[in-house]
Amino acid sequence: MYTSPEALLAILGMAVATIAIKVSGLLLADRLPRQGFAAAWLRHIPGAVLAALVAPALATGNLAEVAAALVTGGTFLLFRNLFLAMAAGVATVFLVRMLVGA
Amino acid sequence: MSTLLRTSPQDQFFAGARACVPVAVSVAAYGLVWGVLARGAGLSPLEVVLMSGLVFAGSAQFVALDQWNQVPALLPIGPLILAAFIVNLRYLLLTATLRPLFPERRLGWRSLSMYLVTDENWAMTVAAMARGEGSIAFLMGGGALAFCSWMLTNLVGYGLGSAIDDPSRWGLDFAFTATFLALLLGMWKGRQDIVPWLVAGLAAILTSKVIGGSWHILVGGIVGSLAGATLEWRRSRVHQS
């Protein structure tokens, strides 16, 4: 159990930068109007961020990932259960990789 | 709204933690990997606890391991802080959408609760808000669970050292994508979502090919949501005229 002043400074700096951004988002939201273009923009952010999180992983994926994405989506649409959808996706990736030997 | 009025903050806290159990699995998988890599990068146990406890942001912590140096004099302090800042910029978008959870005009110290916001409990809370539910206690419950599972698996991974190879052997690397894909499908409100989602996805794919890092989340999120807002704004102007 040890550390150095340099490491401590780097970690504290990273923490302050991270917390400052998280707090700023909340505080800046107040300056944005509740309706009109900016409000519509805020409403569309969650879906767009999630789509941006998922798309590259699927675009760079191979057979296993694409098959698992279809299984995940299908399972979720059928059962509306997040954990079930996630487990089905993970199991599909595992099985397809084993079968294909990738 | 009715459920919000009936349940106590404690109930909301545990409801938020329960809602985050599925995504805590993916947090745990990444936490294990980060712990293993942190040992390889030469962080001390104290530094692992400090970084995971104070920074508490997965992608930024992964990037930091790339830059870390065991020799204090060689540690790139400035670049480490700048990288954390850039990788976490996208949280501006996330926490801004949580503003409706606070009824008061002035936030003060309560805004520091945003420290516990992660991709996981943010997504769960936004989904709950879309159903007319969700609260700060709900957000904090999910955040506390994510924090515990992150810290615990970081330490387990650190202890295991090089014994674990990558979680992709068990398909666990896909848990993240699968979870976010299901969350995305749950947000579907109608045809107006097609364009922003497609634009966000394409922009993210392009960005990840050209720049790399985690810029694709920020670029895709901004471009996609702007496309959605532009379409909606133009449609409302057509209706008015």
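First residue shown is number 1, and so on along the chain.
Glycine is no exception: its Cβ is also placed from the backbone N, Cα and C atoms.
Those TrEMBL annotations? Automatic predictions, nothing curated.
Taken from TrEMBL, the feature transmembrane segment applies to B:12-36 (among others). Sequence-distant contacts of the transmembrane segment (B:12-36) (same chain, at least 6 residues past either end, Cβ-Cβ under 8 Å): 4, 48, 52, 58, 61-62, 65, 118, 120-121, 123-125, 128, 135, 137-146, 149-162, 164, 166-167, 172-173, 175-176, 179.
The transmembrane segment annotation in TrEMBL covers B:48-65 (among others). When Cβ-Cβ distances below 8 Å are used as the criterion, the transmembrane segment (B:48-65) is approached by residues 27, 30-31, 34-35, 37-38, 40-41, 80, 83-84, 87-88, 91, 115-116, 118, 147, 150-151, 154-155, 158, 213-214 of the same chain, each at least six residues removed from its ends.
As annotated by TrEMBL, transmembrane segment applies to B:71-91 (among others). For the transmembrane segment (B:71-91), same-chain residues at least 6 beyond its ends with a Cβ under 8 Å from one of its own Cβ atoms are 55, 57, 59-60, 63-64, 114, 117, 213-215, 217-218, 221.
According to TrEMBL, the transmembrane segment annotation covers B:136-158 (among others).
Counting same-chain residues at least six beyond the ends of the transmembrane segment (B:170-188), those with a Cβ under 8 angstroms from any Cβ of the stretch are 22-23, 25-26, 29-30, 119-120, 123, 126-127, 130, 197. Per TrEMBL, transmembrane segment is recorded for B:170-188 (among others).
Among the features that TrEMBL reports, transmembrane segment is placed at B:194-227 (among others).
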Are there residues at least six beyond either end of the transmembrane segment (B:136-158) with Cβ under 8 Å to its Cβ atoms? List them, or say none.
9-10, 12-21, 23-24, 27-39, 45, 48-49, 52-53, 56, 58, 98, 101-102, 110, 113, 116-118, 120-122, 124-125, 128, 164
